[in-house]
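S.K.: Here it is, the structure, as structure tokens.
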Amino acid sequence: SSWGFGALLKGLTSVLHQTFPQHTFLMNGLIHGVKGLLSFLSAPLIGALSDVWGRKSFLLLTVFFTCAPIPLMKISPWWYFAVISMSGVFAVTFSVIFAYVADITQEHERSTAYGLVSATFAASLVTSPAIGAYLSVTYGDTLVVILATAIALLDICFILVAVPESLPEKMRPASWGAPISWEQADPFASLRKVGQDSTVLLICITVFLSYLPEAGQYSSFFLYLRQVIGFTSETVAAFIAVVGILSILAQTVVLGILMRSIGNKNTILLGLGFQILQLAWYGFGSQPWMMWAAGAVAAMSSITFPAISAIVSRNADPDQQGVVQGMITGIRGLCNGLGPALYGFVFYLFHVELSEMDPAESPEKGSAIIPGPPFLFGACSVLLSLLVALFIPEHNALNMRPGSYKKHNNGAQSHLHSSQGGPCEGKEPLLEDSSV
């Protein structure tokens, strides 16, 4: 699915430029904004439902909607834009995958497992643009779309045939007809819990402030390298490959060593420190060698998200893994919508024009005192994130469970309870009929 995601990233810019040559970045920001907002609202809900009904069905659902827009690139650009925007409702694969990992690993293994998942995603983003670009030049875009669609179908078949259900039988109902309360189905229920638990609030603020500049960076950085720094297309591809390989090493080998030696929280702080250095270097750097050096630092900063996911998973109950991971994924989805708009606005304020013109035709490079203003804004945001992360406790039980809801350990049913017979007793289950 991440290979398909890489194909989508490449294809979206291409199709947008062909359809809206004068407003490519405006439309890119709009599409990412709609998709990010929908992900923000739906990720906690999908995670919570996977805590009740199991992971496999939701893994299948999220992978399908992540890859669904791929064939539409060649069928209809307008349908492609519509589906990729609306796919944000279900394209929240990470929350389900990380909850799945939490189900099948011991606590001390999770940081390494999360690092492997993130490294696999990074490996796909390294290979898919390079392979896609080569096939596109050699055989045309149609073959790229067909290959990406075939890989997506293969992924769906693999989940159906080879991926077992990870949620233990005793933690989920016997059928999909088990009662689900309106409170559980409310997409804002988990969000309201954020302000009620100080640890959850600190983690969410940390994720938001650190991932906002990262999301904006993804939307414009490679074009920035071409138009402002003067990289060629081949150099950009090599840069992606090198940083991707270093990120894989950081999220597998380095992450495991750091988690064992300095602990979970300090690993997060170190990753945020690397991210501040990377963004500041991107902001002030005007020479190609500076970008390569900052790229190596960026690879080290990739340890932050797996470390955050590990601390969230370790402090959540087994039957709450989906909702807490969904909450984190939802925050990242919101950043994916806001980040590109923020970076585009800051580039506009400082009169840094990014367009799909040939680098030789672009404005003079290196003439500004601060070549990359948005990256410095991003560094300030991550600095605030680091200050917030200092207050995250190393061990603290996260409670994302609605006050009126609890699971029976013996059972195949989930019921509503009120500790003192309050107004929650009269709530009508959302899904009560077993036929539903």
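Here the Cβ of each residue, glycine as well, is placed from N, Cα and C on the backbone.
Quick paste from TrEMBL:
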COMPBIAS  410-421  compositional bias 'Polar residues'
DOMAIN    1-396  domain 'Major facilitator superfamily (MFS) profile'
REGION    403-436  region 'Disordered'
TRANSMEM  30-50  transmembrane segment
TRANSMEM  57-73  transmembrane segment
TRANSMEM  79-101  transmembrane segment
TRANSMEM  113-137  transmembrane segment
TRANSMEM  143-163  transmembrane segment
TRANSMEM  200-224  transmembrane segment
TRANSMEM  236-259  transmembrane segment
TRANSMEM  266-284  transmembrane segment
TRANSMEM  290-312  transmembrane segment
TRANSMEM  333-352  transmembrane segment
TRANSMEM  372-392  transmembrane segment
S.K.: Between the transmembrane segment (333-352) and the transmembrane segment (290-312), are there at least three Cβ pairs closer than 8 Å, leaving out pairs fewer than 6 positions apart?
M.R.: no
S.K.: What residues in the same chain, six or more past the boundaries of the transmembrane segment (200-224), come closer than 8 Å to it by Cβ-Cβ distance?
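M.R.: Sequence-remote neighbours of the transmembrane segment (200-224) are 25, 28-29, 32, 36, 193-194, 236, 239-240, 268, 272, 275, 279, 282, 304-305, 308, 311-312, 324, 327-328, 331-332, 334-336, 338-344, 347, 354, 356, 372, 374-375, 377-379, 381-382, 384-385, 388-389, 391-392, 398, 400.
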S.K.: To what whole number does the mean pLDDT across the domain 'Major facilitator superfamily (MFS) profile' (1-396) round?
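M.R.: Here the mean pLDDT over the domain 'Major facilitator superfamily (MFS) profile' (1-396) amounts to 77.
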S.K.: Determine which recorded stretch among 30-50, 57-73, 236-259, 266-284, 290-312 has the most C-beta pairs below 8 angstroms with the transmembrane segment (113-137).
M.R.: 236-259
S.K.: Which listed stretch (30-50, 57-73, 236-259) has the most C-beta pairs under 8 A with the transmembrane segment (290-312)?
M.R.: 236-259
S.K.: Pairs 6 or more apart in sequence, C-beta under 8 angstroms, 3 or more of them: is that satisfied by the transmembrane segment (79-101) and the transmembrane segment (30-50)?
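M.R.: Yes, these stretches are in contact.
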